[in-house]
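Below is one structure, written out as structure tokens, with a few remarks after it.
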Amino acid sequence: MLAYSVTSSGLFPRMLWALLLLAASLNAHNDVWDEPCCTEHEVSVNRGSRVVMACNISNNLRDVTIELVTSEKTSIIFNHTPPGNYSKDSWQLHIQGVQAQLVITDAQDKHSGNYSWKLHGFQAEFKNFNLTVNAADRQKTEDLPVTKVPDKPPTAVRTEVIIIIAIATTIIITGIGVFVWYKQFPVAPQIQMSVPCLIHGSPGIPYLTLPP
């Protein structure tokens with residue numbers, strides 16, 4: 001009887017300990033790592049562009065903290081912010097389920113810097129984004145200044161007209177002179193005839209050429 005009592009009293013604590021270990025194991029299995037997956041850490045945009053930085057984790061987000069670090073100072077933009085939609089100055093933060101998004105609709109120089117994120121799900125995860133805001137590479141077409149091509153001065157126009165008239169007059173006068181000269185001094189055709197008593201084709205005896 002004593003042996004049975006001792007055995008029973010020793011078995012119960014062992015079973016209780018085993019159940020506690022099993023519960024702890026199941027709880028640890030359910031609490032998976034957050035494993036954040038984020039957009040590109042290096043972001044470079046032109047001034048006025050829209051910027052979206054986002055992170056997803058494996059568990060629902062409890063809160064998010066975002067700081068902007070520049071060479072001059074460190075500013076806390078959102079601090080331990082729970083799920084929801086928030087806006088501060090020109091920053092917008094959207095937290096829903098496993099995702100957090102930071103949106104800048106009109107990027108300016110003041111938005112440049114290093115964004116330090118603290119994502120709190122089951123654990124605390126830290127992520128960094130570096131945002132560089134550049135001046136626009138080129139102006140929009142409608143913003144380009146229109147340069148009017150200056151008209152030619154009147155003096156230049158008159159000079160060109162005089163030169164053209166002089167060339168045309170020279171050509172006309174030359175043509176008229178050639179025509180008149182041809183009419184006054186026509187080219188006389190040559191007639192070849194053989195002289196009697198001369199042997200045609202004799203060496204050294206040419207034909208006699210007479211004018212008409």
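The backbone N, Cα and C atoms fix where each Cβ goes, glycine too.
Annotation comment: Swiss-Prot describes C38-C55 as disulfide bond. Long-range neighbours of C55 (disulfide bond) (same chain, six or more residues apart, CB within less than 8 Å of its CB): P36, C37, C38, T39, Q99, A100, W117, L119, K127.
Sequence-distant neighbours of N56 (N-linked glycosylation site) (same chain, 6+ residues apart, CB-CB distance under 8 A): P36, C37, C38, V98, Q99. Feature annotation from Swiss-Prot assigns N-linked glycosylation site to N56 (among others); the stated evidence is sequence analysis.
Per Swiss-Prot, the feature N-linked glycosylation site maps to N85 (among others). Secondary structure at N85 (N-linked glycosylation site), taken from DSSP and collapsed to helix, strand or coil, is strand. Packing around N85 (N-linked glycosylation site) is summarised by its Cβ count: 10 other Cβ atoms lie within 10 angstroms of its Cβ, all protein chains included.
According to Swiss-Prot, the feature N-linked glycosylation site maps to N114 (among others), an assignment based on sequence analysis. Around N114 (N-linked glycosylation site), the C-beta neighbours below 8 angstroms that are at least 6 residues distant in the chain are L68, V69, T70, N128, F129, N130, L131.
What Swiss-Prot lists as N-linked glycosylation site is N130 (among others), and the listing cites sequence analysis. Cβ-based neighbour count (10 Å, all protein chains) for N130 (N-linked glycosylation site) stands at 14.
If you look up Swiss-Prot, you'll see 1-28 marked as signal peptide, on the strength of sequence analysis.
Taken from Swiss-Prot, the feature topological domain 'Extracellular' covers 29-160, and the record attributes it to sequence analysis.
Residues annotated as topological domain 'Cytoplasmic' in Swiss-Prot: 182-212.
Per Swiss-Prot, the feature transmembrane segment maps to 161-181. Beyond its flanks by at least six residues, the transmembrane segment (161-181) meets no residue of its own chain at a Cβ-Cβ distance under 8 Å.
Cβ-based neighbour count (10 Å, all protein chains) for C38 (disulfide bond) stands at 17.
Here the topological domain 'Cytoplasmic' (182-212) has a mean pLDDT of 55 out of 100. Summarised by DSSP class, the composition of the topological domain 'Extracellular' (29-160) is 15 helix, 64 strand, 53 coil.
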